[in-house]
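Report on the structure given below.
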Amino acid sequence: ALIGGGAIATVFGLSQFSQYRNKHGAFVRVQAAEAVTVPRNKDFPTREQQILALQTTGEFDVLVIGGGATGCGCALDAVTRGLKTALLERDDFSSGTSSRSTKLIHGGVRYLQKAIMKLDLEQYRMVKEALEERANLLEIAPHLSAPLPIMLPVYKWWQLPYYWLGIKLYDMVAGSQCLRSSYVLSKSRALELFPMLRKDDLVGAIVYYDGQHNDARMNLAIALTAARYGAATANYAEVLRLLKTPDPAGGKDRVCGVRCRDVLTGQEFDVKAKCVINATGPFTDSVRKMDDQEVPNICQPSAGVHIVMPGYYSPDNMGLLDPATSDGRVIFFLPWEKMTIAGTTDSPTDVTSHPIPTEEDINFILNEVRNYLSVDVEVRRGDVLAAWSGIRPLVTNPNSKDTQSISRNHIVTISDSGLVTIAGGKWTTYRAMAQDTIDAAIQAHGLKAGSSKTIGLQLQGAEDWSPTLYIRLVQDYGLESEVAQHLASTYGDKAFEVAKIAQVTGKRWPIVGKRLVSEFPYIEAEVVYGVKEYARTAVDMISRRTRLAFLNVQAAEEALPRIVDIMGKELNWSEQKKKEEFETAKKFLYYEMGSKVKSEQLTDSSEISLAPSDIERYKKRFHMFDKEKKGFITILDVQHVLESISVQIAEKTLHEILNEVDLNKNGQVELNEFLQLMSAIQKGHVSGSRLAVLMKTAEENLHQRLVIPVDRSGGGL
């Protein structure tokens with residue numbers, strides 16, 4: 001009792017002190033945002049104007065290499081201090097790690113656990129800083145972020161007070177910036193809020209709050225905000241080498257700029273700067289070696305795989321945390337964009353621009369999900385709609401092997417030649433990392449600038465946003481409610497600019513807003529607006545301006561032709577260029593978004609594991625279409641059966657339906673291929689096969705003349 005009372009008194013006292021400090025900090029926050037004296041333009045320049053600024057400006061104060069969250073954060077911090085700023089990104093903004101996160105804005109519950117268990121002050125400071133940054137990020141971009149309750153299920157009685165104390169300490173460290181207080185749930189209440197949870201041995205649950213965001217759009221908002229304040233930011237501008245000049249004082253060469261290439265035109269030019277900042281995430285060491293070939297590596301990359309499953313796997317507004325997986329890692333199971341994200345893994349990897357999710361990692365996540373979901377919920381491999389791998393740029397000793405024990409904290413280093421490098425860290429702390437980096441750059445290079453102004457500085461779209469903004473979009477433009485909500489939560493107060501260019505549908509309702517695919521709220525006008533937001537490839541559009549590739553690979557592929565047509569018109573692409581963009585985007589979906597591992601679930605060598613009775617049943621169904629006993633069915637066979645029940649389906653659609661199952665791509669579906677399909681469906685490896693649904697429905701309703709649904713289903717991978 002004494003120990004417990006003392007602990008409670010200590011926690012309460014520290015909490016009150018923390019709240020006092022944070023309230024004082026709130027005043028500092030307001031002052032920082034209001035102290036920005038740099039004018040903000042009404043709109044951001046075109047990419048062509050940005051390239052021209054890079055070519056014609058004699059010398060910048062700061063040049064940032066890297067257009068991820070940290071790089072764009074550095075550019076925004078520098079330009080709002082009044083420094084002449086440039087940023088170069090060889091691919092698209094957020095094309096790397098920053099778009100492939102768990103979508104959480106969090107302090108890190110497990111880092112706090114390590115800090116307490118190991119008495120690690122560095123881990124504690126990192127959690128404290130992250131929680132402060134979490135509050136700031138939710139404030140400066142409320143349209144792109146929101147608090148999310150996360151449930152921690154408890155299956156042993158002794159774990160309940162243990163986890164409760166840990167989560168309460170997490171709240172306490174946040175102080176007045178705690179989003180909402182955590183609480184304990186009984187077993188019945190936990191199952192009411194998360195009905196798909198495993199019931200056996202469930203004791204209760206603890207719910208705490210963290211933030212969630214649209215990571216790629218958040219990264220873009222930072223970049224666009226920097227551009228509006230005057231930073232010359234350019235994507236598809238690759239740094240080829242560092243420029244150096246002799247230092248009269250010290251005699252050593254100093255970095256004075258870069259030689260870069262416009263990837264889209266091939267044009268090369270120099271960009272001079274007093275200070276060059278390396279903010280390239282996993283590629284940190286490659287830029288450092290441009291400066292000095294002998295420098296040792298400071299990054300040890302770690303791969304994190306995530307999968308996306310249908311929204312019915314989780315409640316609309318409740319996540320799940322598995323605090324101790326079978327191999328000691330942490331798995332999150334979160335609702336996002338009306339789908340469900342599960343992840344992540346954590347394993348050493350090589351640095352690559354195109355990380356690929358592996359079947360091993362996907363199955364690991366699925367197995368962990370099965371451990372926490374009810375036996376009534378069949379977790380199927382075929383329900384994986386998308387999968388991706390992201391590379392975390394962890395700061396480590398080159399001899400370290402265990403990436404899980406490495407802190408996600410960041411370091412700022414300055415080389416002998418003056419190259420400033422920011423490495424490590426996490427998405428949530430991008431702003432603090434940028435502030436530390438610019439502070440170090442100012443001191444090392446003698447730049448004239450004041451303190452950071454980015455605390456409380458609203459990002460693109462946040463200024464006039466409100467939770468009810470979408471209602472005005474519905475009323476003023478005649479958009480569907482779902483589409484209006486999507487536009488408001490993606491573009492903030494800039495949603496009106498998208499709505500203004502939305503095409504008339506010709507229908508009674510909605511009046512404007514043609515969807516790219518039927519089951520997602522993305523509309524064609526977003527492609528036009530995405531080009532304005534510096535999108536220059538079809539991959540930019542399906543993965544980072546919209547998030548289709550991250551939500552459903554098949555839906556993204558279905559939308560590709562229309563996206564390429566619209567972008568081609570906006571960017572004056574030739575037919576050959578449009579064909580190249582289409583093929584490049586399909587390759588991206590195939591390798592990086594999980595389509596490849598999907599295709600391996602059903603191949604011409606797939607095992608047929610069916611009971612004899614099932615084989616006979618499926619043969620009978622197949623022969624209903626193959627009346628001539630050829631051993632295969634074609635489009636004509638399917639059309640004949642459909643005509644007999646007065647159903648018409650477009651020939652193009654039938655081609656697509658059969659092609660999904662035509663494993664050897666000979667234009668026909670053979671009996672063995674059909675049996676392989678039905679076996680894969682029974683095992684859960686494949687879901688949503690249109691041919692299987694069509695044939696089953698035709699068999700059941702042949703004499704009832706019912707309409708057969710042929711819309712693409714969820715499109716599981």
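Cβ from N, Cα, C; glycine included.
When the ranges 114-141, 142-169, 534-561 are checked against TrEMBL, the one recorded as coiled coil is 114-141.
Within the chain, the coiled coil (114-141) has long-range Cβ neighbours (under 8 A, six or more residues past its boundaries) at 22, 25, 29, 105-108, 147, 166, 169-170, 173-174, 177, 179, 210-211, 213, 218, 221, 407-409, 426, 428-432, 455-459, 461-462, 492. Note on the domain 'EF-hand' (613-648): DSSP counts are 23 helix, 2 strand, 11 coil.
Confidence for the domain 'EF-hand' (649-684), expressed as mean pLDDT, is 80.
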